[in-house]
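Visitor: Encoded as structure tokens, here's the structure I'll be asking about.
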Amino acid sequence: MLKQCLLRPQTVAFVMNQTPIRSSCHLARLGSTRRSLWRTFSSTNNNDDVNNDNKPRLSVAVVGAGPAGFYASKYLTSSVLKRITQSTSSGDDDDDTHSTPFGFSGIDIDLIERLPTPYGLVRYGVAPDHPEVKNVENDFAALFNKQGESQNSSINFYGNVDVGKQIPLSKLQSLYDVVILAYGCQAADKRLNIPGEDTLEGVLSAREFVAWYNGHPEFQHIGPIVERCLWKKKSNTTNDDDITETSISPARVVVIGQGNVALDVARVLAKGKPGLIDTDTPTSVLNVLKGGVSHVSVVGRRGHVQGAFTIKELRELTKLDKEGHNVSFVVRKEELEMGMTDASMEELKGPGGRPKSRIDKLLQDNAVEEDAQSTDAEKSVEIRFLLNPTQLAPHESNLSKVGHVLCERTRLEGDPGKQRPVGTGEMEELPADLVLVSIGYRGMPLEGMEELDFFDSSSSTVVNEHGKLPGENNLFVTGWIKRGPTGIIGTNIMDAKDTVKSVMNYLETSVPVAGVESQGRDGLNDHLGAHDVKVVDWNQFLRIVSAEIDTTRLRSEAQPREKILAVSEMLNAAQR
Amino acid sequence: MLPRGVISAARAAQIGCKRSGFKLSSVFANTCVSSQTLGNNKQIRWHGDGPGPDAPTVQLTFVNPDDSETKISARVGETLLQSAHRTGVEMEGACEGVCACSTCHVILEQDMYDDLLDKMEDEALSEDEEDMLDMAFGLEQTSRLGCQITVTEGMDGAVISLPKATRNFYVDGHKPTPH
Ligand SMILES: Cc1cc2nc3c(=O)[nH]c(=O)nc-3n(C[C@H](O)[C@H](O)[C@H](O)COP(=O)(O)OP(=O)(O)OC[C@H]3O[C@@H](n4cnc5c(N)ncnc54)[C@H](O)[C@@H]3O)c2cc1C
Ligand code: FES
């Protein structure tokens, strides 16, 4: 049966039609194709499998354990298992496609993650006051908890393993039948490219700020910077002793950009310790935020109809006061009016206009005339439209620190859906003790990937067609690094299904271009062992979780967990 | 059917969630951690298992994204999300049924949509559900969230569609059609 599969006409055609081979690496892999298909079970696999013919199990490496990596693992496992069932129940099945043989008897996935902990931005991006969004961690964990339900599938977690640094991508390609890149866009930021961006203290990206308040082990150095910006001594008015843990910071924060991340950041700053006490925000972070910040402005260069935020996050801001957070929400009537060009009206009516119209209504209902605030709230979050930051200017009394954001008033020009902000020459200066740039995360190539032509630096994503990388290779991609840093957790479901379809297609129509070594998991273990990598497996991760929920660490019964903030401490907990 | 006066755990949690702010939310997160800690096969979910096997059932047909159909017996009193999970219909429920993710998006027949709307307070969807639908992929006139619909006896024979994945969705992002 296997031979048949190998020599199927379409298989041969595929091999002959291949595009010119581009690297010696590909050559090596092509040469080994047949051997790898005949590979026997690796020792980690269950030998008394129900499928006791000699077919190999599909070995898959997934790089990155965020939503994209988990959804791809989940759907690839179910697709392969379904396909195996169909191929074994041939004969009495009328449907032709169901009875064609399949080259594999099972699937083994290794989920490789550079941090000791899985879940990507669900753990280190999603705001701590959105615990219900983090519920998806349960769904992901179920993949491991359900281990053993089918002997035909397995999944292992390799935490604390950085692909590129600790194992080259090319090595993974040669060990596994299929490699899926799902490493996200957390390594860099889009840039404003304006003066002051790189030189002044107190200018941070929202990515760094978010990672800090979520306890990401690599961003804890951000805390002291934030602290200096929020609590700098105001010469003679305040002295340190007057600052208590619920003091409201007199600082002004300007958030540049108007996506959901910008709104998250503004809300967290405004809520401060009282509003976040029952969440998993680290205690060290709450001690910096204290009573919250008195004035946060969220600035965008386009109008409210073009904002990238969604209504749920916006509505949350409008309700902060009502929910007792002592924070008013301010949006200026005249800025809404300025943004209501004929083209904006068209955008509200056009396809995709429903969410925009509902946002428009919400903002109109909350809009105030300039300076006509009607609440007693001590803190405010203001959303400002049609202001383009052109320069970050230093503070008068400390030239190394940021003090102002210079903005140019814009107006919208262009057709519906294509309106651009155009400068009007009118300037406005926003005072700022801290500036958070929130104009987008940016994908980066994995170490060693640059020379492979797989990375499109203009879009900062991995080049692909429906998740398959171009050329003769066993590489696939999914999630943010495939489509760019947009969309909600659910968007990664459709995305993973798209990639999994391409993987299945590849398995059906081509000779898998698996590696020279093709030992899958055993080969990975050997490599990591030889390089002394301290791998965190799933059970060890669960020990980290146990340590984080140990009651002696918690502020109160309501606090879900106190995250461990250093990798070394995580590794200690994992060994316990 | 659930005894009179008893609402499903999921519903109760939803209501609680809305009314009591973070207190309950953090309970969710706690549960989430403990189910991992146990590391056992049986997931402990805060919304429990819904009505038991003795509950009356109705027949529902799910139309999958690939147009194949799955016929299931849904228990009266459970949510469509629970019915789908119990019977293996491929519907995600990332936030576990608390109206915070839109992954349980379903498209109803007009009649069923109207009937459900008629029975709601103000004959309108909740603001929370509308807000989440705004983020749903492939929005239609009769879109709802599966976790917000409780199965009733009147639903027997209903056909429920799961949104279709068009292969180029990630190129143009999510563009819901007007409501
Ligand atoms: C601040 C913020 C808040 C958000 N809030 C919400 C929300 O409330 N609701 C919602 O639905 N969506 C939210 N999102 C969107 C959601 O988080 C993303 O859609 C999703 O996380 C993308 O998944 P991903 O797996 O592609 O990337 P990621 O989640 O970034 O996962 C990638 C993983 O790969 C790992 N990795 C990176 N490099 C390597 C390497 N070299 N080797 C091995 N592993 C590597 C990373 O450590 C990470 O764990 C938010 C996003 C952000 C930034
Ligand atoms: S399961 Fe999350 S909205 Fe229904």
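Every residue gets a Cβ built from N, Cα and C, even glycine.
Whatever TrEMBL says is automated annotation, not expert-curated.
Sharing the record's features from TrEMBL:
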{"type": "BINDING", "residues": "A:ALA68, A:GLU113, A:LEU121, A:VAL163, A:TRP480, A:GLY487, A:ILE488, A:ILE489", "note": "FAD binding site"}
{"type": "BINDING", "residues": "A:GLN258, A:GLY259, A:ASN260, A:VAL261, A:ARG301, A:ARG302, A:GLU313, A:GLY487", "note": "NADP(+) binding site"}
{"type": "DOMAIN", "residues": "A:59-333", "note": "domain 'FAD/NAD(P)-binding'"}
Visitor: I'm trying to understand the geometry here, so how far is the Cα atom of A:ALA68 (FAD binding site) from the Cα atom of A:VAL261 (NADP(+) binding site), in Å to the nearest whole number?
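Guide: Distance (Cα to Cα, whole Å): 19 Å.
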Visitor: So which of these binding-site residues, A:LEU121, A:ILE488, A:ILE489, get their C-beta under 8 angstroms from chain B?
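Guide: The answer, in sequence order, is A:ILE488, A:ILE489.
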Visitor: Would you find the one among the binding-site residues A:ARG301, A:ARG302 whose Cβ has the most company, meaning other Cβ atoms within 10 Å?
Guide: A:ARG301
Visitor: Which binding-site residues from the set A:LEU121, A:ARG301, A:TRP480, A:ILE489 come near ligand 1, judged by a Cβ under 6 Å from any of its atoms?
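Guide: Once distances to ligand 1 are taken from each Cβ, A:LEU121, A:TRP480, A:ILE489 fall under 6 Å.
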Visitor: Could you tell me which of these binding-site residues, A:ALA68, A:VAL261, A:ILE488, A:ILE489, has the fewest other Cβ atoms within 10 Å of its Cβ?
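Guide: Least crowded of the binding-site residues A:ALA68, A:VAL261, A:ILE488, A:ILE489, by Cβ count within 10 Å, is A:ILE488.
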Visitor: Could you measure between A:GLU313 (NADP(+) binding site) and A:ILE488 (FAD binding site) for me? Cα positions, answer in whole angstrom.
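Guide: Approximately 12 Å lies between the Cα of A:GLU313 (NADP(+) binding site) and that of A:ILE488 (FAD binding site).
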Visitor: For a quick check of understanding: among the binding-site residues A:GLU113, A:GLU313, which residue's Cβ has the most other Cβ atoms within 10 Å?
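Guide: Sorting the candidates by Cβ neighbours within 10 Å, the top entry is A:GLU113.
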Visitor: Measure from the Cβ of A:GLN258 (NADP(+) binding site) and count the other Cβ atoms within 10 Å, all protein chains considered.
Guide: 25
Visitor: Please list residues from the chain of A:GLY259 (NADP(+) binding site) whose Cβ is under 8 angstroms from its Cβ, counting only those at least six apart in sequence.
Guide: A:GLY307, A:ALA308, A:PHE309, A:SER438, A:GLY440
Visitor: How many Å lie between the Cα of A:ARG301 (NADP(+) binding site) and the Cα of A:ILE489 (FAD binding site)?
Guide: 27
Visitor: What does DSSP call A:GLY487 (FAD binding site) in the simple three-state scheme?
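Guide: Going by the DSSP assignment, A:GLY487 (FAD binding site) belongs to neither helix nor strand, so it counts as coil.
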